[in-house]
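Report on one structure; see the data block that follows.
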Amino acid sequence: MRFGLLATIWGLSFLLVKVGTQGFPALQVAFGRVAFGAAALTATLVLRRDRLPRGLGLWAHLAVAAMFLNAASFALFAFAAQRIPSALTGICNATTPLFTTLASLVALPGERPVRRQLAGLLIGFLGVLVVLGVWDGTAGQSITGMALALAAATSMGVGWVYVRRFLTGSGCSSLALSTGQLAAGAVELVVVTAAFSDLPTRFPTRSLLAVLVLGVLGTGGAFLLQYGLVRDAGATVAATVTYVVPVVSTLAGVLLLGESLTWNEPAGTVVILTGAALSQRGVAAAATADPTANGSSALGPAAVTGGRGDRVRGHGHSFAPRWHAAHRRPLGSFGRDRRKR
């Protein structure tokens, strides 16, 4: 029940973004999503008598994570939704694990790719080419939208690598970290939104409700469901939600918005998910076996945590690869190297 509800909420989020952008500019949709999500998690934080993270170093890391995982990615997805069907946006989001793996291999010199990972990346990106329909010169106007959605997935991939490296071992609860991250993202987006868009003069009910639901349920509420699923069913079950999300987003777009897809888009999705599964095979098991790598993620499809209770070692993502402890950097070290010089 919880599994299906979580997959449905995340799958419908792309439809909600689409509806939101029909009444508001993309930046305002992204800001509303983060702001309503932060409000929902803040209320939960108060009810649970938890507290926000403390320390400038930790907040600096949360701000960087929010930039990649919330501000940039949510804004890019909203801009993409103005140009392509919501179903296609959800399909492009399925490439996030590929970009997460690629980012970890590039950013962490000690990460040595194995043949299975390389094969998975190759298969996954071939799936992207299938979705794009590169053999068809008439793809035309949708290329920009797909590029924006893929850029959003790339931003999330980089963000999860940053989270796993710099926000592991904080001692804070996953709820506190997630609330802080969304709060930081809201501050970032309100500055950008104020600079590049005018105050809304009208508030279409349909679009306003879409943004409200997107923030409260699709961002804030989804975390609470995800955490409970990880706690009760385990990380492996929670991670499989990611593979259902593009199916839900496609069905929602076609059935509820009347969107149309060509054969290559669902076919490419299957290839992408196959590559993602191959490149990540064994990662979740390894993370569960290593208690120092456990954590709970907030704002993405599924999590890698085997932790119990509300206190966790950090927060991550189902597709954020595990790396050796030597690559982890203490939270208080943000800016410390510069002072030593």
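Cβ coordinates are placed from backbone N, Cα and C, and glycine is handled just like the others.
TrEMBL labels come from automatic prediction, so no person has curated them.
Taken from TrEMBL as is:
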type	residues	note
DOMAIN	5-132	domain 'EamA'
TRANSMEM	31-47	transmembrane segment
TRANSMEM	59-81	transmembrane segment
TRANSMEM	87-106	transmembrane segment
TRANSMEM	118-135	transmembrane segment
TRANSMEM	141-163	transmembrane segment
DOMAIN	144-278	domain 'EamA'
TRANSMEM	175-196	transmembrane segment
TRANSMEM	208-230	transmembrane segment
TRANSMEM	237-257	transmembrane segment
REGION	290-310	region 'Disordered'
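Within its own chain, the transmembrane segment (141-163) is flanked in space by residues 61, 64-65, 67-69, 72-74, 76-77, 79-84, 88-89, 92-104, 107-108, 128, 131-132, 297, 300, 314-317, 319-321, which lie at least six positions past its ends and keep a Cβ under 8 Å from the stretch.
When averaged over the domain 'EamA' (144-278), pLDDT in the model lands at 88.
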